């Protein structure tokens, strides 16, 4: 007997009364019941005569008083002896904990406790005696859980046995019945309370099953710290995902014979029940279903999946079951095949590697009864009578826990035996004369392939009709391909679809002409939305429509699948070079600045292909602590695109962000061709970058652009040197390359910074050739879920990368001696202690009368100062008269010249000499009067502000200042030592005036941050805080007690700069001071600790100095304006992210995300072990050409302590223009340009110059506040959907005036003729060919020639004119190909309006 069978047989339960099961299911409620002890005289001594070894046991059962029905399973405790202490009543101690959950929340649902005495007779046999029972009510009269206090309760015990409750004379209320007799002086001590923690385990055991805390449940582990209880704090085992493929069922002796015998028996039974004769009508098989679910011996872990299996013969013929039934439901089963097959893949996400976890298969047939002789359609209300189901076979498979893949064949079971569905199953064939091997075959078998890998085993997709042509067409007009999808094609598409079709059954059977099968639209249907529906819920409750709910729409469960963008960063360029040695020599001789170390010696050159031996201790011990990081942008190599004529930019600029320095936008750089002898487009050509003057001329001096960053101890925080070294070792620098004229993004490149580690050397430099790649997105299309969810697959649908060129970049790190050691105390912040005390010298009190001058050791004393010097308001009042005189003098002395002022001074001196005594006496009198007035003003002012000043001084005396340096998304943790200064206890309320600073009330979070910050010197208290209704935490303080309050500051908000795109150039290369970053303002947060009566006992003033953060990756999206952007970004494996914790216990961690903009929906969901994880974004776009910037922080810990990655997003809002066109045909439309407030010289630029033309083509004047048309013509080169970007740029100020997103939806024209030629590969002179064209019109016409591959085909003449009915010979020139293969070249013949007349297809085979 297997582990699953043993557990299954031991845990069979009695279901609730049938009347209870009819009620609608409610939410299940979890309980914890602790049976502690029984006290009193349980049984009379005369009953125990002749018995020995008497011990006592408790038994607990669930009982329905209304229907007098025991249900569930009786729980039995271990036997315990009776303990008798003199002077006290006898007691039996149990201390047993029972857990269960039930949805039958009715007052008549009770738990019955029985006390049993287990003893041994003299002859050695055992005997159980019932000592009494008690009734434990679970719900009150309002059907709510009984409100039981946390203290123990005593339960009265009654004489007799619980079986007496089945007697009809015992009616509700039972306790008041005259037949119930209470056992005097005896009770059961217990506690009963709801246990919400059990809700996470509902799927592992059925409701109404009583379980001990020590009972092992498959799928459940013991929680650390809970050695004797599985359910107090449940801990689930890790689940895995299993896949079942190629499932088929074989029945004995054959499917035809088996179903024929089954239908004969059902028809015979129907005739016996109806007592009627054969009328020609028969019971028919309407559908064959297979239930597949995971069972752990107790119950199904999830509702079993229901799928439809069909005879193999129907699959071979390409006909579905519904199609077969529509042809005639009365057809005999002689036409079906010999096996039932499943055409889709089964995905089981709830498997656990445990011996008791098994997969259960149940085969079920749906039969439809005849509707009478006239066979008229019945009403909906009669569906339940017309269609019914029977279980035919079942089996269970117990896989090995370490299995990964296998081919499995299982024998089926049937007949009257227990099965997981607890239903009757069709009989087994008689096998009395058969061997064991034959018995297994005769019962039927199910076979399938299982694996733990998500890789699909289905075939690859077929090509489109235009690409499946096997026979060459030689000057023959092919017939127009039919749009009808034949059954064979439908079958191939169904088999290639990773997600099975979702069947929505309305089992009307023959009464409505057949079963209605609503298949979802296959991914080839071209439906919009980008959502693939997975297997729908086919539970029986959803199949039979109830008349009362027939008007209610029911939501089908599905999993939305977006086309994910893989967040693996831009691929770092390889170390290989595409340049020849001659080109490298010219590049080296171009005169770029030489990089020298501190000794004026050339820096050591490092090969980017060499591995880096990283030693953190060696980097930290380097005496050259200052690192000068140098970036040199040298050259750009253009790589021609296959089959695409590209207009290359003449200027470019770069944007990037290094470490946490401000983002950099470089000046525009001119591209100057390095080798003039190389012709354009012939091969990869290199261009050296030169800086440009304001007038457009090249700057004299060295070519290239050099930027420097100085990273020294004056810039870094204490302890940040290690962070910076880890950043250099692990991170990539992402650089965006832009067209300096059109302001269009050329592409992005990423370079590894690990080669900048000096490892004790004075200076290092490395030269990189980085691939500049651009990611192009097609319009949102329906996504194949198999491609998205396939394990190891990272290529999303509709997204592809194109290499545009190579960027030549030099990086260097030059070490310098630290020059700021003397200024270290001034430039660096104070010590970052995590524990803040009010007695550490950071108090804000600066003097006053609170401390006596003769107090020993008093330090808070300051020297007396004039009030006018310390109070600006008083100083303004005292000097207001002087200010008035000064203002009057300013108005009247405008005309006074220097000569007049000299005359006035001479006159004043003469008068002073004449009356010196009078002047001195008068001056003294005026001074006394003025001083008296000032004293009166000061006295009145002091009286007015005395109360406020005293209150402010007292607040300063209890105020402690603390400064922290915060970055985006990183939680800054600290503790404040709060002391109760009073001799009485107080409940202190903590008030904070800023939402980003909070108290850590969860002890688990507190302990997590203390471990991260190594702050283990202070204790952690459980349940320390009490939260009021206003959510302000309160803490209890004993007299003179000091406790530590944990705080956390974390911000996710930044200033999101939104506005039109503009090319801005950073003048300097040095970053601002990290402590006074210009764009970030200091925040001051006040924390008040108030005792009873709203009196503060302490104040903590937190000064937050925001710091710039590191950006690990940048995403840019172009989206139509005023619409929502919905994107899914696939997270890379967590262990590949820089900064991820190593050796995570428990395997793969769950990832969490937070967005800096609260108006953006950003979330991630755990899809299962081993499955990729996606970040879903929903962003509201603004008007064009607005750019929305936001950040997303990624975490691997649930407390969001520190992000392991920060991503920056740019959402460019563009005006959307939809164009529907045909390849090779010109489609014209106009765009409206609206002028700005000033006149501008503008020009239109496009991202696809060969497919989109603009008129006017060059620079033109855009009048102010005017309206002007911009004409565009679209001629796509290939069919499909794509985005084309169109920018209108101010050529003088390089500003983006307007921008459009042209959404091109293009279809291929009908091909009228097809040709095939063979050409030699590997070079040569090419080949000349001719084809003829006849004008089908009676009049003379002008025709124009175009092709989709201008690089492979040229026309002798691009246009021709012929008369009506005449023939013209078109000359073709085929260019040679360097590699063998096949190419399909289209020739478009357009009329004078550039509308397509005919299209020829030439299939060229290069051999």
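Easy rule for this one: first residue shown is 1, then count along the chain.
A Cβ is built for glycine as well, from the same backbone N, Cα and C atoms used for every other residue.
A quick note: this is a predicted structure, and the numbers were derived from the prediction, not measured.
Feature annotation from TrEMBL assigns region 'Disordered' to 450-485. Residues or ranges marked as domain 'NPHP4 C2-like' by TrEMBL: 582-816. Per TrEMBL, the feature domain 'NPHP4 SK-like' maps to 894-957. Per TrEMBL, the feature domain 'NPHP4 Ig-like' maps to 960-1108, 1115-1212, 1223-1307, 1312-1407.
The largest share of C-beta pairs under 8 angstroms with the domain 'NPHP4 Ig-like' (1312-1407) comes from 582-816, of the ranges 582-816, 960-1108, 1115-1212. Helix, strand and coil content of the domain 'NPHP4 Ig-like' (1223-1307), in residues and according to DSSP, is 0 helix, 54 strand, 31 coil. Annotation: stretch 960-1108 has the most Cβ pairs under 8 Å to the domain 'NPHP4 Ig-like' (1115-1212), among 582-816, 960-1108, 1223-1307. Within the model, the domain 'NPHP4 C2-like' (582-816) carries an average pLDDT of 79. The DSSP breakdown of the domain 'NPHP4 Ig-like' (1312-1407) into helical (H, G, I), extended (E, B) and coil residues amounts to 0 helix, 60 strand, 36 coil.
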